[in-house]
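Shown next, in structure tokens, is the structure this report addresses.
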Amino acid sequence: MEKTEKNELVRKLIFNPQGDREASKRKIIKGNPTNIFELNEIKYSWAFDLYKLMGFTNFWIPEEIQMLEDRKQYETVLSDYEKRAYELVLSFLIALDSFQVDMLKEFGRMITAPEVEMAITAQEFQESVHAYSYQFILESVVDPVKADEIYNYWREDERLLERNKVIAELYNEFIRKPNEENFIKATIGNYILESLYFYSGFAFFYTLGRQGKMRNTVQQIKYINRDELCFIEGTEVLTKRGFVDFRELREDDLVAQYDIETGEISWTKPYAYVERDYEGSMYRLKHPKSNWEVVATEGHEFIVRNLKTGKERKEPIEKVKLHPYSAIPVAGRYTGEVEEYDLWELVSGKGITLKTRSAVKNKLTPIEKLLIVLQADGTIDSKRNGKFTGFQQLKFFFSKYRKINEFEKILNECAPYGIKWKKYERQDGIAYTVYYPNDLPIKPTKFFDEWVRLDEITEEWIREFVEELVKWDGHIPKDRNKKKVYYYSTKEKRNKDFVQALCALGGMRTVVSRERNPKAKNPVYRIWIYLEDDYINTQTMVKEEFYYKGKVYCVSVPKGNIVVRYKDSVCIAGNCHVTLFRNIINTLRKENPELFTPEIEKWIVEYFKYAVNEEIKWGQYVTQNQILGINDVLIERYIKYLGNLRITQIGFDPIYPEVTENPLKWIDEFRKINNTKTDFFQAKPQTYSKANELKW
């Protein structure tokens, strides 16, 4: 890759009086900041959200986990081989996260947008907490003299010294020459470090924990070794096409993201997609009265609203409180905005822009009203399609004077569009033939999704649409709680799905039921639309934990929150938090393929092979084939399996095609934090042993 001054990354000044104050002029790098944090305006909201997530949500204190029992077991239960491995692994893990802290610090010195620098600082702090956690484990379990020896192992153990150099050299080269090529290489190095280089050590700790040994050490590792948090198979996400199953998402799909600060919905392209195998605990929140439910992996965050204050926050699904003043939002307010970004441009300074589409509509047109009536009470005459006359004929019949008067009012409003019509009196009502010009841009159809574009409408348009809809194909019942509620019914699943999507964008809760007639081809879908409610109360909900084995899915968006639907139940939920550097790599490969030259792609594959071999040798060296439950063969196959998994997750072919199964499947379940219940008011983890904790 050509090295030019344009590709060099420059460190910012500590204080720059001539810098730009305006948020619109901020750049991730190569900007001109004063370097004074002025956060009254935020340009990169995704970074500020990430800062708050890492700084305040995903946090624990190592001292909260008592290590006394582990100290006793280290002295009396562990074999000499287990002690040696325990010490070597901790020494190595301390080094790895020490490198991470400095690597992020070097990045931060060149970042020129304050909110982005804060996010990097938060991640740097998390890595320092990891390093401190390893140190806390070490000094809690072994005596001070021995702990000092373990810190110094890298000077005495040549294998450990070489291990420390592997990733460190990539980071050092980036520091020496901070250009695009070295950025990609450092990114790959970071990805390998986080997703591969910890794992033989983690496998050793989990093997001990599986035998009931050093369980508090293992609990610390579980907090560090968190995985993606996802939705169960069958969950859908709201896109510009409507609700789409995660399995059917296209690369060009824009999804609805929710701003927790404003309650507004905008469209954006996901910057990460997750599809993976999962085996372990799932949680279901269910509202029996309305048949509303949602299912997600343990730890997946949902938006929770305090009904007294109106404030919203994120809580893991297993910790959502079920009481009268707690609610889960199920809809937002779409204002016509699209959040656009290019991840490489984020790094090079162009950032995220929020644009309002000029084509958005605030009011229904007469033609749109006519199409709503067509869906409810009309038919399209397929034989009189206007091939020779230029007019498609539509047929209507009404017996109620209310509908007759309203329909003729709409027809008169449609006259400027070239609509013509005739009416015929019948014994039981009035029939109409409407002549619909073929040259109108909107074609007559019985399906809403063929003429409504979700990105071209606003909340005002949606509410007017719903008002018009229930005039023709529904009614306004009297709710016992005196809430404003509409009722709509249809036999068309497409229309049911689309109305739910509209209501989710228009700030309205929906409840769906199905009534199947044995004599009818299709069931009748009944939708109750609560115009004044955009949430569902948790008071009468039921929370269930159950075992699940199968696929899970999710996406990641800049705002961190998405609109999902499961079994016709809509809600706002947090998206998954996935490996940052994996997302950077994947997005760069799509948006900036020129950076991934054949030479760079060859280097990535070869470096992955090298890293896998180094991790295998390290794991075998540490365990010496003397640890019950894990041996050299298992380590080799496990690390090769992870190597295949990690490299395919960034778009490359498996490097070990002969390895297709995870030989240590039990780790994926064992490492979940589902046997630790944390009381956040007391901030003290309480661990409850489960019967399956020692299963083999």
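These residue numbers are counts, starting from 1, taken along the chain as shown.
Even glycines carry a Cβ here, placed using N, Cα and C.
Fe cation 1 is bound by Glu127, His130 in Swiss-Prot, and the record lists one more residue there from Asp97, Asp102, Asp148, Asp157, which is Asp97. A distance of 12 Å separates the Cα atom of His130 (Fe cation 1 binding site) from that of Glu194 (Fe cation 2 binding site). The Cβ neighbour count for Tyr134 (active site), using a 10 Å radius and every protein chain shown, is 25. Same-chain residues with CB within 8 A of the center of the Asp97, Glu127, His130 CB atoms, the Fe cation 1 site residues themselves not counted, are Leu96, Ser98, Gln100, Val101, Gln126, Ser128, Val129, Ala131, Ser133, Ile224.
If you take the Cα of Asp97 (Fe cation 1 binding site) and the Cα of Glu194 (Fe cation 2 binding site), they are about 9 angstrom apart, rounded to a whole number.
Take the CB of Asp97 (Fe cation 1 binding site) and look out to 10 A: across all protein chains shown you find 22 other CB atoms. Separating the Cα atoms of Glu127 (Fe cation 1 binding site) and Glu194 (Fe cation 2 binding site) is a whole-number distance of 11 Å. The Cβ neighbour count for Glu127 (Fe cation 1 binding site), using a 10 Å radius over every protein chain in view, is 21.
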